[in-house]
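S.K.: Have a look at this one.
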Amino acid sequence: MGVSQRFKSKFRRFLQRPGSTVDLAPLEKLLPAIEAREAELAALDDAELTQAAGAAAGYEEICAVGREAARRGLDQRPYDVQLLGAMSLLSGKVAEMATGEGKTLTATIAAYGHVRLGNGPVHVLTINDYLARRDAQWMEPVYTLLGLTVGWVNEASTPQERRDAYACDVTYVSVSEAGFDYLRDQLVTDAEDRVQPALTTAIVDEADSIMIDEARVPMVLAGAVPGEQDPVHAAAGQVRGLRKGKHYTVAEDGRSVAFTSAGLAAIEAKLGIDLYDEEHVAQLSAVNVALHAHALLHRDVDYIVRDGSVELVDEMRGRVAQRRRWPDGLQAAVEAKEGLDATAEGEVLGTIAMQAYIALYPKVCGMTATAVLVGDQLREFFGLEVAVIPPNTPCIREDEPDRIYATRAEKDEALIDEIQRWHAKGRPMLIGTLDVKESEGLAAGLNAAGVPCVVLNAKNDDEEAAIIAEAGAYGAVTVSTQMAGRGVDIRLGGSDQADQERVAALGGLYVIGSGRHDSRRVDDQLRGRAGRQGDPGGSVFLVSLEDDLVVRHAADSVPASPRMNADGLVTDEQVDYAVEHAQRVAEGVNHEIHRNTWRYSVVIEQQRKALAARRERLLTSDVAAVMLLEKEPEKAGEMDEDLLARAARSIALYHLDRLWAEHLAELSEVREGVHLRALGRLDPLDEFHRAAVPAFNDLIPEIEARTIATFTETEFDEDWQPDDGTLVRPTATWTYLVHDNPFGSELDRLIASIGRRLSGAPR
């Protein structure tokens, strides 16, 4: 690290708000010792290096050996800043490293270090299966030289493949797949059937996405149960022909919808009932859900239809959210809207939020390009501090101020003009759009203007790596939703860098955002695609006063007649402030939703942990048999000891799992209905706790009572199996993630509807 870089590092520390980020000075002091060891390690042969790797203890030796292994295995010598990142991860921090600074290799050295320090095995938690497989295979030569084994897990992995991968020193796995394995392991009836070992250390890639954006997402293990079709599916047909303005109105923020008198009359005429009659509350709720799906959820924006199924689009990244469902009947309503059969939701057998799953690891660290902006949340929810790692080469990207237009049409016209102007010179451009529909509309406009482009969105996410790798080629125009570039570098001149100098002379990659996202981090991630490793680059965002973000969160802050030029470009500073304000409000809303959701989750997670500990005792000891010998000594005493242990364990585990599933269903109903208490000025969270705690306290004695009852009613012989009688478990299970319901729960909507009726507003 040169004098200039050291000065910048010290100046950055001077400017930092106290306690906001970690001081890197103690780690920087170790860099000379690491460099001094380099020549000695270079003289070793591979076997000797592996032997040295097995003896490494302190940070200096771990980083020195890791650097040499990377040089041999990948022909890459890690920069000092990558070693600072690795040491930050070893210290249990979240390392903020700019795009293109080599986070994958940094994590590899840190994973090796954690194993050497006795914190293994290590799980590197990624955002998706592709990155888990790619990074494990890419880094395998380094791990081999370091004397470690490495494996990876994806959705298609068999139980034995999972077991083998988790048995490695380092395992790469998407956070959702790891969570699903944990849930499945919580339902095994034989300890040998588990695939995941005890959790020790997690290195979280894209830490802000996983630990903040995805934190409140519940991972669910469901089982097949017979049942009637969701009434929402039928209700969707009744709202299909309704028209906006005549039959319903949509709020300005686009997040709520209400029937007009004409719309309500039309539905009631079809059904032949009074929807507000007490006996038809369920039907009223179903119709409201169907209307929300009909009016507020849009194909190619909120979801896509592919291979006969509805696939949700993650609004934070623009990619398809794998195995994700909307709750509260909204999924069935959208499926009906698209003319598809309703998919089974099933009975929830187990669930855990991503935040709670990550918290199960005794040691957690992470890395991302955008951590400082969520530093307070990382501290609040995980107790983690952020270490800002300086870039290896100073960033010279030119970030222009936002260009704000009065209307969306004027913004779109200016966007195409800007792309045409630079494309004529051959400068590569990456245009980030807000959703699939916009990306396809822009591509059509560019083609009409004679500008060829490549579109990357949620519909072709499997081609992501290949498309984004060529986004820096001379003359390339890549239109992308905010899914692009995760884990893939954009090199100037294309993946082979054939035209690097030519592109650099034009100013490097030019990133254009077609609008501001709800999160500054997402905007920063888009900007960060340009200017990697000291390359030239530029960025600009085009915004309109008709963009959803501004309309939802800053409509009152925009002056009635802002100053603008003839092209519709706004030149009013108050409007600049309004856009920034809208983004801060959106971030605040999401933070509060996260905090509120977690408050409800805390008690459930405490109960889940308590029951999991009890289940572990049942699974790995004879505690159930001992209980039956005490409660039913005559029958239990006559049985073979092994048969009694096997039967007692199977019966107790069955009832524990069954009662937990029933408890989760009950808590879901309580969570839905608790908002009604708000009408009586009671605190919903307090009311939820009042219901949840006694219900759980009744659970343990009920497990014991049902276990005894089943035991006394069952005839046992030496060939007895758990599935011989009443201990029938679901024949099929599946996993999915619960997507945030953007409009609140069914009861939230129902209460709002009742409130409008009581206040005399249009129904």
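Our numbering is plain: 1 for the first residue shown, then up by one each step along the chain.
Using the three backbone atoms N, Cα and C, a Cβ is placed for every residue, glycine included.
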S.K.: Of Asp412, Asp417, Asp435, Asp489, which does TrEMBL put in the ATP site with Gln82, Gly100, Glu101, Gly102, Lys103, Thr104?
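M.R.: Only hit among Asp412, Asp417, Asp435, Asp489 in TrEMBL's ATP site, alongside Gln82, Gly100, Glu101, Gly102, Lys103, Thr104: Asp489.
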S.K.: Neighbours of the ATP site Gln82, Gly100, Glu101, Gly102, Lys103, Thr104, Asp489: Cβ within 8 Å of the Cβ centroid, same chain, sequence order.
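M.R.: So the extra residues in range turn out to be Met97, Thr99, Leu105, Thr106.
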S.K.: Are there residues of the same chain, six or more positions away from Gly100 (ATP binding site), whose CB falls under 8 angstroms from its CB, and which are they?
M.R.: Asp489, Gly528, Arg532, Gln533
S.K.: Neighbour count first, Cβ atoms within 10 Å, every protein chain included; then name which of Gln82, Thr104 tops the list of binding-site residues.
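M.R.: Sorting the candidates by Cβ neighbours within 10 Å, the top entry is Gln82.
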S.K.: A 10 Å Cβ contact count, applied to the binding-site residues Glu101, Asp489: which residue has the minimum?
M.R.: Asp489
S.K.: Return the maximum Cα to Cα distance in Å (whole number) over the record's ATP-binding residues: Gln82, Gly100, Glu101, Gly102, Lys103, Thr104, Asp489.
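M.R.: It comes out at 16 Å between the most distant Cα atoms.
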S.K.: Count the Cβ atoms, other than its own, that fall within 10 Å of the Cβ of Gly102 (ATP binding site), considering every protein chain shown.
M.R.: 20
S.K.: With every protein chain in view, what's the tally of Cβ atoms within 10 Å of the Cβ of Lys103 (ATP binding site), excluding that atom itself?
M.R.: 25
